[in-house]
Amino acid sequence: MMAGCGEIDHSINMLPTNRKANESCSNTAPSLTVPECAICLQTCVHPVSLPCKHVFCYLCVKGASWLGKRCALCRQEIPEDFLDKPTLLSPEELKAASRGNGEYAWYYEGRNGWWQYDERTSRELEDAFSKGKKNTEMLIAGFLYVADLENMVQYRRNEHGRRRKIKRDIIDIPKKGVAGLRLDCDANTVNLARESSADGADSVSAQSGASVQPLVSSVRPLTSVDGQLTSPATPSPDASTSLEDSFAHLQLSGDNTAERSHRGEGEEDHESPSSGRVPAPDTSIEETESDASSDSEDVSAVVAQHSLTQQRLLVSNANQTVPDRSDRSGTDRSVAGGGTVSVSVRSRRPDGQCTVTEV
């Protein structure tokens, strides 16, 4: 009998702690022990199973997923929607936790409602509150939080700016869920985008539309010249005209220095309108259409006197060391009655031939 009693006592000690001693062995099935979390190294609170079959606390998986979407043991990827649709080992345990074991429970503020703390955190808060502490620290999802029991707020220890209200209230108030796990299975609420809050809050982040800012173009805008859009690389018509005038002016100046004796040509003395300079009136070189026609009638006289004019030019150039431009410009010295003139004028005909006439 003594041995039998010893065996009976030994079998009772081998039973799980949650099994009553007066329960019959034949009427109960062997129960599974609560697994331990490999992240927090404690007994799992609301254990969830990953696709790789590893089991962790729900909040531990949530905190680890922010650092990397992989299992903490085998490094297998965690599905994107796992936190919204976790695989609970015991859904009944979640409902039992929401009902609570006492009269009061602790809650933290969420969007459009309150969340109930998990059992472990609720015990820590209740213990600090009963002892009259002003604040206490909580480890939630790998982050240290400070619960200010005077102002009834919580915040991260290294980030005091973001605060969340907390409260101690009766267990039967309406709530959204426990520790980020929803009690309802509404598909519309499950798929809401939630912020990365370690305590399981579901504050919906403001989903603003993708704003596309216009890129600052490195190309200069098109400029308008006389109502026409021109590119900065494309020269304007005025610029091309001024360039042509500049080249013409350079060519004329080169011709003037090379052949000072040919300054009698009419077109070389005309200034471009764009140069902005008003030339002195020179009637001897201003050539009109009537002058050109009268010169064509006197072709024979011009040819006869061509040799005489060249001799006179040579004599005048030899006598003058510094030729006067005003004297050589062919100033009009016409004499009434067909008088002779000592200065000859060289004009350009419309056909491009140069003729020398005496006035």
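From the backbone N, Cα and C atoms, a Cβ is placed for every residue, glycine too.
According to DSSP, the zinc finger (37-75) comprises 10 helix, 8 strand, 21 coil. Positions annotated as zinc finger by Swiss-Prot: 37-75.
Per Swiss-Prot, the feature ubiquitin cross-link maps to Lys85 (among others). All protein chains considered, the CB of Lys85 (ubiquitin cross-link) has 11 other CB atoms within 10 Å.
Secondary structure of the domain 'WWE' (92-168), assigned with DSSP and counted as helix (H, G, I), strand (E, B) and coil, comes to 20 helix, 37 strand, 20 coil. Per Swiss-Prot, the feature domain 'WWE' maps to 92-168; the stated evidence is sequence analysis.
Residues or ranges marked as ubiquitin cross-link in Swiss-Prot: Lys95 (among others).
As annotated by Swiss-Prot, glycoprotein binding site applies to Tyr108, Arg111, Trp115, Tyr145, Gln154, Arg164, Lys176.
Here Swiss-Prot flags Lys131 (among others) as ubiquitin cross-link. Around Lys131 (ubiquitin cross-link), there are no C-beta neighbours below 8 angstroms that are at least 6 residues distant in the chain.
Annotated ubiquitin cross-link per Swiss-Prot: Lys176 (among others), in sequence order.
Taken from Swiss-Prot, the feature region 'Disordered' covers 254-359.
Feature annotation from Swiss-Prot assigns compositional bias 'Acidic residues' to 284-298.
Swiss-Prot lists Ser290 (among others) with the feature phosphoserine, giving similarity to another entry as the kind of evidence.
Sequence annotations record features per position, and here Swiss-Prot assigns phosphoserine to Ser294 (among others) based on similarity to another entry.
The annotation compositional bias 'Polar residues' is assigned in Swiss-Prot to 306-323.
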Long-range environment of the zinc finger (37-75) - Cβ separation under 8 angstroms, sequence gap at least 6: 82-83, 86-90, 93-94, 97, 118-120, 139-143, 178-181, 196, 198-200
Cβ neighbour count (within 10 Å, all chains shown) around Trp115 (glycoprotein binding site): 26
Minimum Cα separation from Lys95 (ubiquitin cross-link), reported as the residue among binding-site residues Tyr108, Arg111, Trp115, Arg164 that achieves it: Trp115
Cβ neighbours of Tyr108 (glycoprotein binding site) where a neighbour is any other Cβ within 10 Å: 25
Cα separation, Lys85 (ubiquitin cross-link) to Tyr108 (glycoprotein binding site) (Å, whole number): 22
Lowest local Cβ density among Lys95, Lys176, which the record lists as recorded positions, within 10 Å: Lys95
Cα separation, Lys85 (ubiquitin cross-link) to Tyr145 (glycoprotein binding site) (Å, whole number): 26
